[in-house]
Protein chains: 2
Amino acid sequence: MPDFTDNLKPLYDGAAILEHERSRSLVNIDELSRHLLSRNGFLERQARVLAIIEREQLFSKKQQLNLSRPERYHLGLARAKALRRLTRKHGWDFEDYRMAEYLTDEMSPYFLHMSMFATTVREQASDDQKRYWMPKIEAWEMIGAYAQTELGHGSNVRGLETTATYDVVKKEFVIHSPTLTASKWWNGSMGRTATHAIVVAQLMLPKKGHISQFESYGPHPFIVRIRQEGTHLPPDGIVVGDIGAKYGYTSMDNGYMLFNNYRVSHSAMLARYSKVDQDTGTFSRTGNPAVVYGSLTNVRANIIMHARLILARAVTIAVRYTSVRRQFRDRDSKSTTEPETAVLDYPTVQIRLLPLLATAFALHYTGDSMYNLYNQTRSGIEKGDFTELAELHSTSSGLKALCTTYAADGIETCRRAMGGHGFGGGSGLININNDYLSKPTVEGDNWMITQQMSSHLIKKMTAAVKRPNAEPVDATDELFKRYLQQQKARKPADAVHWMSIDDNAIVDAFQWRAADLTYRAYQDRVERKKPWNSLLIQLHKLSKAFSESIVVTNFHASLRSNNIPSETSTVIRDLYRLYALHTMDTDARSFATTTAATDSTLDALSDAILKLMTSIRPHAVKLVDSWMMPDYLLDSALGRYDGKVYEALYDMAHRQNPLNRTVFNWDWRSEEIVLGSGDGGKLESKL
Amino acid sequence: MPDFTDNLKPLYDGAAILEHERSRSLVNIDELSRHLLSRNGFLERQARVLAIIEREQLFSKKQQLNLSRPERYHLGLARAKALRRLTRKHGWDFEDYRMAEYLTDEMSPYFLHMSMFATTVREQASDDQKRYWMPKIEAWEMIGAYAQTELGHGSNVRGLETTATYDVVKKEFVIHSPTLTASKWWNGSMGRTATHAIVVAQLMLPKKGHISQFESYGPHPFIVRIRQEGTHLPPDGIVVGDIGAKYGYTSMDNGYMLFNNYRVSHSAMLARYSKVDQDTGTFSRTGNPAVVYGSLTNVRANIIMHARLILARAVTIAVRYTSVRRQFRDRDSKSTTEPETAVLDYPTVQIRLLPLLATAFALHYTGDSMYNLYNQTRSGIEKGDFTELAELHSTSSGLKALCTTYAADGIETCRRAMGGHGFGGGSGLININNDYLSKPTVEGDNWMITQQMSSHLIKKMTAAVKRPNAEPVDATDELFKRYLQQQKARKPADAVHWMSIDDNAIVDAFQWRAADLTYRAYQDRVERKKPWNSLLIQLHKLSKAFSESIVVTNFHASLRSNNIPSETSTVIRDLYRLYALHTMDTDARSFATTTAATDSTLDALSDAILKLMTSIRPHAVKLVDSWMMPDYLLDSALGRYDGKVYEALYDMAHRQNPLNRTVFNWDWRSEEIVLGSGDGGKLESKL
């Protein structure tokens, strides 16, 4: 309905403001976006898939925030089916399909099928099993889930309570949940969708010479049909359902599942690396399951690359909005007529957003280097060489914790930097925030897995101390060797001089701090034999410091190897420095106590950071543009490419909010809630 | 329907675990809870109102997370009405009513009526206006909102664009929104509920000697009927509605509103402090509107006390759950049969939860002291003495920023410390998190308002430097005088010795750091005349450091004055030290550079903190019990008083999740989504 607000304009013209921002920077967006997003044809794929998705009404995000959780699953399932059909129609490959999931930006109820479910069968099934299952999986004639985590055990996989006991007589495994905490829990796609699941259970085999006494051979994967054909109801002996509302993943049916002495055939156990003799129930192992860890670390490299896109997305929204948004005139200004200051011009806003922008770039180069490390290690593994696997596993653990913490915290930092409107649905951050908050605790809790890196580093340092003349096999060895040689004679260079920054000295400071913290941990654990648990906080800090050192080192190395034109590469170099110096400033005292940096370096950080932010500020909008986030993905009034922030916010409120279609009865003296038209979200029996 | 899971028990008995935790501490819960929660009869009131609320089906929280946003408003309005009726039925006073709102834990669509709306009329209306409006307001014959913030201006109130132009001929004000950004925005209770609103608009009066040229007299409040009697629809010339989904406040109808030359009578302008002559349109001022700032700071004292309850709530949940939760056996242990370690026994979990527990206590004593300062200043103001108002305003600004940041960040820290289950609806943190995230940016953005404290401190320091012999009028003056006298001869005492901690030296370190940072800011701004905006980050840090110093000082002072028995007070003293030392450790380098603490003090912090946590750990469950959070308020499976964590999680999933009542069609080859019974959250035309 037309009204007097139809032609009102905002006080400041957001479109003109962003146009001006873009015109005053020489950053080459095309070149930079190709530099950042070329791997696997990302940019071309994004454009192609986006064009298809955007046309489909089912994929409109406009009403998502007004739907209930059951409605979100319903919609999620409808979309999952539609994506599968689009995949066939357009001949999408798997990467195209994943791109569509990325753009729709919600966890598909089908998600686990082609990820953990298919991967596990591919990697852990015997050749016979693969021949049977893979065609069905690839034709999507079934939907699979991956049931490992239980109500009582997540991180501690060895503590899983579900058992699979082999019955030699009937040649069947009996799957059983002895307690309530043995319930499978959290497993994606399992709550309402999946027909099958990989069930990870303690393999129980008869003790030698006994038939009714069993001993555990540890957790093993079994493939189980969990819902019957036709009815889609679980068989007797299985209880399965959706666990209910969560912070995020509204569209995903994370499930629970319990077994009551449920019998599956001998062939249910995936038998590539472990076999149970069908007749005798004897256990045997073939091959090296360490290969499986390899694919875990690939998942982690993906997590880093994903984290950089999450950060880039939040920063894109925040940088655009704070460029458009104006508030207060300069306190020192005499003029009363000049326009108010752009919020992004306040150093208190810059210090929250620009280091995060720099971090998105930093994560890019480290993700890149992790892919390379992964491919190298993988090809080694295929030749039977497992030497680098421990290093890869260590690095991926520390970096997973660091990068997902950056991204999870960064979303909220961006939101707060946007002030009041950051709290609104127009921010576009609600969904991404709710979903991403899972990352710091899943796939290795961020505080737990830092032990894996620290433990590995202590081993390496122990070796370096014992054999100071051994030939280094990797960069960590080299660092530790150098550290031990120079330990007594350390003289840190000034990294920050007046108006100039020594990039090499910055890298040296980060590496030295990492090595020195490792040495201290080595002393406490190996020399002083302190209890492991008493060192956990220290080990967490070590892993963080070492991971930061890796990120700084990779970022620095990329400055030499990239071939982007000089205007743009100057800005990227400033981003490198901002990431490094801001990180240094955040934990300055650890640089001082490890003699990694001089006090004068540390004292100079605040000023150097302010200057770097001033240099980067004019390029901020173009730098976020280079991440090529489509408006459809952002789903944000505040972060729109065209800067029409207020028009979009008003449209959401005035034209699209279903609540405004109902007139409510405000009066407490009446029991009636709805006065006029519309159902106003009637509750009926829902409570 | 009964099934084989009905009688399953969890591996670890949560009830027995919490019982054991409670039996091994001598903390006296009754005494401690009275100590913390006696103000205004809080405990008695909580018990009395809870008993009534819990009986009403309408206030059950069980399905809240499964409702859509429109449903949540619908429910919120139904509850608001019911609360109003319960208030009459049980003869509740206003504090009882507020307690009911606190326990139901959602923003009522009526919220603004008795808060900002009624308060503004009471404080800013003339006596005649009050006589007319207050009886209607108090009988709830109308529902009022407070329309100040606009789409384009929040913090900068002077920048508001809505105008109220006086028409001398018709003796009416013409309220108008000249732009889209002039739209009122965010105003609570206004979207669907309110009949009236206080509209804050730029008062435009004819220039002297002109009738059609106007000049602005700044923002003034007008009382306006915004919806018509009977239809509850806005009159011509007003567009008003709900702004749509937000992070939190789902049940609240935050609104937008625009005016098209909408006319209101001369009596609409609240006229206690500012008058417009009805015939001539001449402006006059009476009395001192500074009184209004007084009530703003009372709001801020409430914010601190509220922040402590929010923190205490999140910590209650996390401490109970991490006591029950077990994961991994001790890495150094040889035994393979001992039970797994309680998660709260890991220092990496303690370092996240126990300092927050200490912070809840710290905020309590500072909230307490703010109430006293407020009452003192208020009684001064009533005698016409405004001297302490600036100090109160400064303190309340710095503390608002510090305390709401603590609480907002603290909720998320608690959630992550709970690992995977923290992400689930059973955490009980989703609602509190979504709602509380508004606090860092509303009622003074936390980065913006720190300028108010810093600016005040610089003024005070300037005065102290100019007149070193002047008599101090408050604690800040005293501190600055002492600082300037000792500045050259500073020799910090060791605050942390081997096995002992000097409580006075801790206070001294915090105060010295605060004073020294003030002095540096004074030098930069007053002596070196640096631009204000270039100092903003520094000023933010100053405000934070000064506020921390206030919190430490108040906590320390309370140790001497409280009269709680010795076992309990020993633990509270440990909490004081933990809060102080952990805060010091978090920003250690600023203590070093300001010579507030010695390097040996700072080096000893990690060990001291570990020891303090070990001392506090056995009392953790009883310490959170003392905050007396009812299970109804917590609404948390993980944080239940009885420790039956897993039973409650399973009940939520298996028996209460509406999604499990529908069987879905998983197969992408079928367009049908629902296969079996239930509507499964049908979408129909909602997209």
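Note that Cβ sites are derived from N, Cα and C of the backbone, with glycine treated the same way.
Unlike curated records, TrEMBL annotations are generated automatically.
Annotation source TrEMBL lists domain 'Acyl-coenzyme A oxidase N-terminal' at B:28-143.
The feature FAD binding site is assigned by TrEMBL to B:THR149, B:GLY188. With a cut-off of 8 Å between CB atoms and residues at least 6 apart in sequence, the same chain places B:MET107, B:PHE111, B:LEU112, B:ALA145, B:TYR146, B:TYR249, B:MET252, B:ASP253, B:ASN254, B:GLY255 near B:GLY188 (FAD binding site), listed in sequence order. DSSP assigns B:GLY188 (FAD binding site) to coil, not to a helix or a strand.
The feature domain 'Acyl-CoA oxidase C-alpha1' is assigned by TrEMBL to B:293-458.
According to TrEMBL, the active site, proton acceptor annotation covers B:GLU443. According to DSSP, B:GLU443 (active site, proton acceptor) is assigned to coil rather than to any helix or strand. Contacts of B:GLU443 (active site, proton acceptor) defined by a Cβ separation under 8 A and a same-chain sequence distance of 6+ are given as B:VAL299, B:ARG300, B:ILE303, B:LYS400, in order along the sequence.
Within the model, the domain 'Acyl-CoA oxidase C-terminal' (B:504-665) shows a mean pLDDT value of 96, rounded to a whole number. The annotation domain 'Acyl-CoA oxidase C-terminal' is assigned in TrEMBL to B:504-665.
The C-beta environment of B:THR149 (FAD binding site), restricted to residues of the same chain at least 6 apart in sequence and closer than 8 Å, consists of B:LYS184, B:TRP185, B:TRP186, B:ASN187. Those recorded positions from B:THR149, B:GLY188, B:GLU443 lying by chain A, with Cβ under 8 Å from one of its Cβ atoms, are B:THR149. DSSP states for the domain 'Acyl-coenzyme A oxidase N-terminal' (B:28-143), grouped as helix (H, G, I), strand (E, B) and coil, give 90 helix, 0 strand, 26 coil.
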